[in-house]
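This report refers to the structure that appears directly beneath it.
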Amino acid sequence: MRGELPNKHHSYTFFVFLFFFLILFPDLSISVNTLSATESLTISSNKTIVSPGGVFELGFFRILGDSWYLGIWYKKISQRTYVWVANRDTPLSNPIGILKISNANLVILDNSDTHVWSTNLTGAVRSSVVAELLDNGNFVLRGSKINESDEFLWQSFDFPTDTLLPQMKLGRDHKRGLNRFVTSWKSSFDPSSGSFMFKLETLGLPEFFGFTSFLEVYRSGPWDGLRFSGILEMQQWDDIIYNFTENREEVAYTFRVTDHNSYSRLTINTVGRLEGFTWEPTQQEWNMFWFMPKDTCDLYGICGPYAYCDMSTSPTCNCIKGFQPLSPQDWASGDVTGRCRRKTQLTCGEDRFFRLMNMKIPATTAAIVDKRIGLKECEEKCKTHCNCTAYANSDIRNGGSGCIIWIGEFRDIRNYAADGQDLFVRLAAAEFGERRTIRGKIIGLIIGISLMLVLSFIIYCFWKKKQKRARATAAPIGYRDRIQELIITNGVVMSSGRRLLGEEEDLELPLTEFETVVMATENFSDSNILGRGGFGIVYKGRLLDG
């Protein structure tokens, strides 16, 4: 018995100490990270849920007026920064409200026990669930047993408000039918849904759009394997590792920070600008390291179809080669919001492609995507499709792969100084006039030389034929080996060295038939040779008539 007295004494001492400790430090008594089915949070109790590492805190809050909200904010940051609001569009109108678990759902009740917000889970109801705030800022509902499945029954990360935290996914979950996007606050003092959204569009290639009233304000460009084609600076974020996933189950973007002790977030502000922040502990303030849209060229379709935006030119809008302003007067006066039209209509079979380098490629919502083929096959595919107006690679890694072809009008492209993507635009062959002139000169020269050779050959053949005919016509008339023309004068036959037939000479001497001469000279017998002269051999002959 004596040995038990000190133990009882220490137990009493511990409980007395714990009682006074909780009385003196009431905040510590409510710093829990879970909410069980038997517990609740009320506005009046000032109770909150704090993540295990003390990074985030969840509780009721108000900014101005009598509207109360349930939200999550950074616990250790001096500037109160909200990252999630549960009942943003259904605030409590007075300081009487409660958060609890009911039928395996998280619910917020007002002073009349009316549900103003709920997780709305349906299906089989678990006997015991618990809500927990994690150190990454995710508020989850899960089974109360630790050995149960790691899959959450519900999580706040699936229902973002205006902020994307590290490890939080933005995009579509096909398996559960979720589309996760951020929506701005209505004002700096009103967390209800504002007019601007930043969400994923999966038609064509997946890419993010900034919307207002369902009108596009800006666009990230599609994922090109390394970054979004309209956010080249992503590769300069050394402290942030980002990932884009596209498969049958989900299409989503997420990021994480390399320094787990630092705080980073992406937030869409009240005027629709998406901003990236990191917390600077020494200055005790948020540092904005990135934002979008950052200039005029980031505004969606600012230059209209068939035109590109370039911040280094004046005006910033430029019609693509082969196109011209629909209203040159408006463009000359500085109004470049009009359209560009083709100078020469396409002919399908003879069209060619003009290469635009370092571009943010057009919106792909109406494009055809084939990731199985390369750039050469993509060009052939575009050529055979007469309505194809441009093509490009879908992935720029390892020299490029995949194919995007645009049908009809395309818009929202811009030119970068470097690191952009190649875009091949279809133009009529006539738009390549300068190149065709050089080519035409070469072809013309080849044809000219060929014609000259053929003509020279024809002339040569004609000349050879004429020479042959001339020789045949001018050949001396003789008998066997003695082919020559004979001239007979007073019974004397002389062989002329040369006399063309057909030449008319004014001869007074009588002409004698050749047969007669042969007979008269006894077949040119040597016995009848009189001698040789300048005109050849001279024969004597005797005619029949004496």
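Here the Cβ of each residue, glycine as well, is placed from N, Cα and C on the backbone.
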Swiss-Prot annotation, disulfide partner of C378 among C340, C348, C403: C403
Selected from C348, C382: Swiss-Prot disulphide partner of C388: C382
From the candidates N243, N523, the one which Swiss-Prot records as N-linked glycosylation site: N243
Per Swiss-Prot, the disulfide partner of C297, chosen from C309, C317: C309
Disulfide-linked residue for C317, taking Swiss-Prot as the record, within C303, C319: C303
Three-state secondary structure, which DSSP defines for N387 (N-linked glycosylation site): coil
Helix, strand and coil totals (DSSP H, G, I; E, B; other) for the domain 'Bulb-type lectin' (34-154): 0 helix, 51 strand, 70 coil
Distance, N243 (N-linked glycosylation site) to C309 (disulfide bond) (CA atoms, angstrom): 28
Other CB atoms within 10 A, centred on N46 (N-linked glycosylation site): 12
Residues that sit under 8 angstroms from C297 (disulfide bond) by C-beta distance, when 6+ apart in the chain: C309, D310, M311, T316, R414
